[in-house]
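Notes follow the structure.
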Amino acid sequence: MNFKLFGSALILSGTALGAGMLAIPMVLAQFGLFYSTLLMLIICAGTTYAALLLTEACSKTELAFGINTVANKTIGKGGQLVTNALFYLLLFCMLIAYILGAADLIKRIFSMMNVEMSIEFAQVAFTLFASAFVVCGTQIIDKLNRLLFFFMISMLVLTLIILIPGMTVENLSQVTNHDKGMLFDTSTILFTSFASMPVIPSLVAYNKEATKQQLRNMVILGSIIPLICYLVWLYAVVGNLTANEITHFSNISDLIQTFSAKNEYIEIILSIFTSLALLTSFLGVAMALYNQNKDMISHNKIVTYVCTFILPLLGAGLAADQFLSVLGYAGVILVFLAIFIPLAMVVTLRKKETEEVHQNLHIYTAEGGKLALGLTLLFGLLLLISQI
C-alpha cells in the first residue's frame, strides 16, 4: 500500500467530511431512504468525475502548485482572473465558517468544564493552533490528518454501535414527502458535502511521482469514504427516529440532545466527532489557500501566513454569526469552481495534446470521452437550476 497516496485520499475525505454531515438526515429523512440514497449516489458520481477532470488538468500542467498556475496555463488570463476570484471567495467563506464553528465548540467544551472563555479568544487560539501545522507543509498535514481521521471514524463507529440496536424497519421505510422537486432542491446542499476540489492541485503536486492509475484511485477513494459515512449516518438516524421528529429539528444540537436522552455518552462522542471534522476540513482548505497564496502572491512565509490565516480570522471577528447566511451562496460558487472551470480546462488541454501525453504513465486523462464531458456539463447546469 502506498501510504502517501492513501494519506492524500484521506485529506480529500477529511476536507469533504465536515460537521455538516450531522445535518444530512434533517434534510433527506422526509423523502425516504431509497430516493435519498439514489440522489446521494448521483451527486457523488458527478463530483468525483469533476474532481478527476481537475486532476487531469493539474497533472498535465507541470510545476503547478496552485489552481492559479493551472488556470493560467489552460484557460488564459481572463479565465485565471475569474478562477482566482471565485477560489478566494470560496476559501475565505469556508475558513471563516470553520473558525466560527470551531470557536463556538471550544467555548462550549470549556463551559462544560466550568472554564469561561471569550469567543474571540477561542477564535484566535484555534486559528493559531491549526495554522501551525499548515505552514509545516503538505507532508505534515498528511500525517496529522491520518491520525485525526482515524479518531474521527472511531467516534462515528462508537455512535453507530450505540444507535444500531434502536433501529426499526418501520422507521427505515417511512416516507413523509413525495415531492421530487423539493428533493431536487437539496442537490446543492449535498454537492457541497462532497466537494474537496480546493485541495486537488496541492495533492497532485505532492504526489508528482504517482502513476495516472494511482492518481485516479486517490480521488475515487477520497470520494467513496465520505459517501459511506454519509449513508451509514443517514440510515442510523432515520432508523432510530421518525421523519417528522427529524425534520422538525431546528439545528444539529436538537438532534444530539434527542440522542443524549437515550445514551449519556453520545453528546460527548458527537462533540469529539464534530471537533475533528472541523479540524480536518480546516486543515485541507487552509492548505489549499496557503499554497495558492505562495503560488500567486508571495513565497515570503510571513506575507503568505497573514493572507491565509489573519484575514479570515479578522473576517470571523467582524462578521460573527450573520456571516453564516452568506455561506448559502458558496454552493453556487462551488458549481463554477468544481464543475465548469475544470471542464473548460480539460476541453482546452485536450485540443492541444499529442499522442505522447497519452503514453506518459504520470499524466492522467479522465476516461469517458466527450459523452462524460457532456454529462458533466448537464450535471453542473442541473445544480445551478436547483438553486433558482
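Our numbering is plain: 1 for the first residue shown, then up by one each step along the chain.
Quick reminder: no glycine exception, Cβ is built from N, Cα and C everywhere.
These numbers come from a predicted model, not from an experiment.
What Swiss-Prot records for this protein:
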TRANSMEM  5-27  transmembrane segment
TRANSMEM  31-53  transmembrane segment
TRANSMEM  86-106  transmembrane segment
TRANSMEM  121-141  transmembrane segment
TRANSMEM  147-167  transmembrane segment
TRANSMEM  186-206  transmembrane segment
TRANSMEM  218-238  transmembrane segment
TRANSMEM  268-288  transmembrane segment
TRANSMEM  302-322  transmembrane segment
TRANSMEM  326-346  transmembrane segment
TRANSMEM  368-388  transmembrane segment
Per Cβ pairs under 8 Å, the stretch of 31-53, 86-106, 326-346 packing most closely against the transmembrane segment (218-238): 31-53
Restricting to CB pairs under 8 Å, which listed stretch, 5-27, 31-53, 268-288, 302-322, is in contact most with the transmembrane segment (147-167)? 268-288
Sort out for me which stretch, of 5-27, 86-106, 186-206, 268-288, 368-388, has the most Cβ pairs below 8 angstroms to the transmembrane segment (302-322). 86-106
Are the transmembrane segment (186-206) and the transmembrane segment (326-346) near each other by the rule of at least 3 C-beta pairs under 8 angstroms (pairs 6 or more apart)? yes
When each of 5-27, 31-53, 268-288, 368-388 is checked against the transmembrane segment (86-106) for Cβ pairs under 8 Å, which one has the most? 268-288
